[in-house]
Amino acid sequence: MTVQIIRILAEPMGLDLPLNQLGEGAHYDHATHRLFWVDIEGKTIHVLDVVSKAHSSWTLTKKVTFAVPKDGQLLLCLEDGVYVFDPQLGEETAIATLDLPRDHRLNDGKVSPEGRLWVGTIDTSDAPSETAGLFVLDENDLKLVESGYENANGKSWSPDGTIMYHADTARSTIWQYDYDTQSGKLSGKREFVTVDCGNPDGLCVDDNGRIYAAIYGGARIDVFEPDGRKIAQVAVPVPNPTSCTFAPGEPNMLYITTAYNGMDEDERKKYPLAGAMFNEELSAIS
């Protein structure tokens, strides 16, 4: 089987956007044509109007790992829980918090097709253990669904919502589950793919059910069919892509966050675009 190599132009969106120490959580809101993402280490929420090209940002006092619009406000994952943020007042209100072990924080979050917020945690210590987990927001409570992770990371769903994908970054594995949209229950956990040369981070799924995985440390986005066959990879001109999303109604436009976190001075000089937001039209994938 031939794997297509699609190369992104080495220019970040053609806009004067800030570089992200740890860009994450790319999300496109079709209703407002706005692109949302966060810089976790920079504690910053970014919003870009892709029509007017207007960019806004808010810097918080805690690390922010996820942000999506909700009823005129923003639903956030901060390092210790889920919050609602009022952009007009610049204030956040807690919905549900966790008493996490030392060096643990919330990580990548995503809202399922029927509206449930799922979020993982990560052990950020120098010697991480398998003490992180996968949680779901139930009313005003974060409930543990699975434990035994070092880094419970990206999530996405099949177009019909009945399959959930979850990136287990430390094991270089993406898991697949049967997903009950009525109850939010997971079942039938099985390995979807194990990734070589890098670690899976953020995930998204296109209208055809293909899975796109940002490969941290691999300088690429891997593209898989629902049966696990890798059919393409999108080369990114920086080592650490972190998340990706499609613009609904623009199925071939992929947005990609990246990071310069952990790079030394020489690496920053070698990859001056590390931390940029990229976009690319993917009509070449057949």
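From the backbone N, Cα and C atoms, a Cβ is placed for every residue, glycine too.
Just so you know, TrEMBL annotations never went through curation; they're auto-generated.
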Inset, instruction - Check TrEMBL: it lists Glu24, Asp201 as binding divalent metal cation. Then name which of Asn153, Asn208 it lists for that same site. - result: Asn153
Inset, instruction - Determine which residues of the same chain, besides Glu24, Asn153, Asp201, have their CB within 8 A of the center of the CB atoms at the recorded divalent metal cation site, and list them by sequence. - result: Asn107, Asp108, Gly154, Ala167, Thr169, Gly202, Ala214, Tyr216, Thr242, Ser243
Legend entry - Pairwise CA distance, Asn153 (divalent metal cation binding site) versus Asp201 (active site, proton donor/acceptor), rounded so that it is a whole Å: 6
Legend entry - DSSP state at Asn153 (divalent metal cation binding site), helix/strand/coil: strand
Inset, instruction - Return the residues near Asp201 (active site, proton donor/acceptor), defined as same-chain residues 6+ apart in sequence whose C-beta is under 8 angstroms from its C-beta, sorted by sequence, else 'none'. - result: Asp108, Asn153, Gly154, Ala167, Thr169, Ala213, Ala214, Ile215, Tyr216, Pro241, Thr242, Ser243
